[in-house]
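Annotated features in TrEMBL:
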| type | residues | note |
| --- | --- | --- |
| REGION | 1-28 | region 'Disordered' |
| COMPBIAS | 1-12 | compositional bias 'Gly residues' |
| DOMAIN | 48-160 | domain 'Cystatin' |
């Protein structure tokens, strides 16, 4: 075969020969004169299309929750004596992927709360005022939220 598809009429099953792999079915459908918009190309009222990242306000409550999860994840991995919390979110994107994936450019800064203390919330921790103890990291984080499973996972966290 010369690599051309063969089959019966438009819309019928077609087969293609792929180098050394024999005959493989390919999907070919004809819509005739009916014009159907592709679902993925439709513009939704919300402006968010599944799978397409969209810019979201950095002060959105969901963005701030995602930033907090990122800071808590950083604290779980760091050997610092003090806890860090989000100090600034400079950019936020959201993507619909079996839940919501937040992609954040953010800063996290050292607080006055020590890790060994019993702190119920980072809300009660102030940022360091002692100049020699102040420390801020710039981070990129991806937080995947699946609300119907009450699941939150920080899948990417890179700080420098």
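Cβ from N, Cα, C; glycine included.
These figures come from a predicted structure and were not determined experimentally.
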Task: Confidence summary (mean pLDDT) of the domain 'Cystatin' (48-160) - done: 95
Task: Summary of DSSP states over the domain 'Cystatin' (48-160), given as helix, strand and coil counts - done: 26 helix, 53 strand, 34 coil
